[in-house]
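Features of the protein shown, as given by Swiss-Prot:
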TRANSMEM  26-46  transmembrane segment
TRANSMEM  49-69  transmembrane segment
TRANSMEM  106-126  transmembrane segment
TRANSMEM  149-169  transmembrane segment
TRANSMEM  171-191  transmembrane segment
TRANSMEM  213-233  transmembrane segment
TRANSMEM  251-271  transmembrane segment
TRANSMEM  297-317  transmembrane segment
TRANSMEM  339-359  transmembrane segment
TRANSMEM  362-382  transmembrane segment
TRANSMEM  403-423  transmembrane segment
Amino acid sequence: MNIDMANSDDKALISEDTAHQISADPWYQVGFVLTTGVNSAYVLGYSGSVMVPLGWIGGTCGLILAAAISLYANALLARLHEIGGKRHIRYRDLAGHIYGRKMYSLTWALQYVNLFMINTGFIILAGQALKATYVLFRDDGVLKLPYCIALSGFVCALFAFGIPYLSALRIWLGFSTFFSLIYITIAFVLSLRDGITTPAKDYTIPGSHSARIFTTIGAVANLVFAYNTGMLPEIQATIRPPVVKNMEKALWFQFTVGSLPLYAVTFMGYWAYGSSTSSYLLNSVKGPVWVKAMANLSAFLQTVIALHIFASPMYEFLDTKYGSGHGGPFAIHNVMFRVGVRGGYLTVNTLVAAMLPFLGDFMSLTGALSTFPLTFVLANHMYLMVKRHKLSTLQISWHWLNVAGFSLLSIAAAVAALRLIMVDSRTYHLFADL
């Protein structure tokens, strides 16, 4: 089986039918899709969720190492996009082709959990941004976080009704980048100003020895979460041939230029506030009300766009399996179908987000339950299965080491994340106003 697309037929068959548009986007558009995920408003939490538990040395080394291993694992997965003369446009299609039907179902379950949790986190994040904006003008406790989360879910649903598939984002990716630059620049500048005026910062890693163990493991899961989508084959399905060469360009863009804003705001936030950094950086910064309001509203709007990327595999599944398959994407019956089906999906997302608004815990649990297995364990093992006759003993040992190591990390991170959720659940009630 040759998975090197440099010499393969660009007109390879597609693994299964799909109701969504594929093979239409240039590599740089896909690069911006990936960068939109990396620089989503989640970056405003990494100073608190990664740097505070790990400190300067652990956090810095962790971010760089996580980027390197994520680029490597995603490149492996990208090279598996075509096997047996077919382009496998879904992660589950690829796993099913290599392992069989049971693994198809397991991969789909893992991916569903991954994307559902990410989308839940996005809705929590959007709700936090809305509440932070309201509090700047009226801190009267009237507009509570669950109400903001409900409003965020409604806006996300409206956006989902109007964007039929991932490739249709196009100009919205430009808006997403613009919004990202606004809140990242404001957070960076205000943190820099606060850091200069604040005399001494405490960078001590908080918590008891046992608590630090769990928070460190959770931070490692957050590192993995920061760079990975868990849906690379679905994103790669939108790219023009040659699909591997173009996808590698998009990945290099994501992990070089595309990740610079993440590093800048994460390091600056931790430098300015130390171990007291909030899990939502804009809650820590001081500055003019209108500037902070603009940053929060930009974070809210960018989150609405970013959520659509991570919800697109579920939308594609629903549209392909249950949609009419007739008429254009904006035919009235197709629009009404999206309103009913996508609206229902996002309603469940929003309900879970409002019930358990513990953003950092969701990031950790998502990284543990699905990002580790999908991005690192499966990618390395699938590459072994496909290329085992062409790999040296050393290469085989390396991939098995990755499979075993990341499996253990996944289990440890899941335990740590569940512990954090249980602790927070005892501290806060359902539908808490955090």
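Placement of Cβ uses the backbone N, Cα and C atoms for every residue, glycine included.
The transmembrane segment (362-382) makes contact with the transmembrane segment (213-233): 3 or more of their CB pairs lie within 8 A, with pairs spaced 6 or more apart in sequence.
Most Cβ pairs under 8 Å to the transmembrane segment (339-359), among the stretches 106-126, 149-169, 297-317, belong to 149-169. Scored by C-beta pairs under 8 angstroms, the transmembrane segment (251-271) has its highest count with 26-46, from the stretches 26-46, 49-69, 171-191, 297-317, 403-423. Here the transmembrane segment (297-317) has long-range neighbours at 18-20, 33, 36-37, 40-41, 44, 90-91, 111-112, 115-116, 118-119, 122-123, 125-126, 129-130, 133, 152, 155-156, 159-160, 163, 165-166, 169, 172-173, 175-176, 179-180, 182-183, 186, 229, 231, 234-235, 282, 338, 342, 345-346, meaning same-chain residues at least 6 beyond its ends whose C-beta is under 8 angstroms from one of its own.
With respect to Cβ pairs under 8 Å, the transmembrane segment (106-126) is most closely packed against 26-46, considering the stretches 26-46, 171-191, 403-423.
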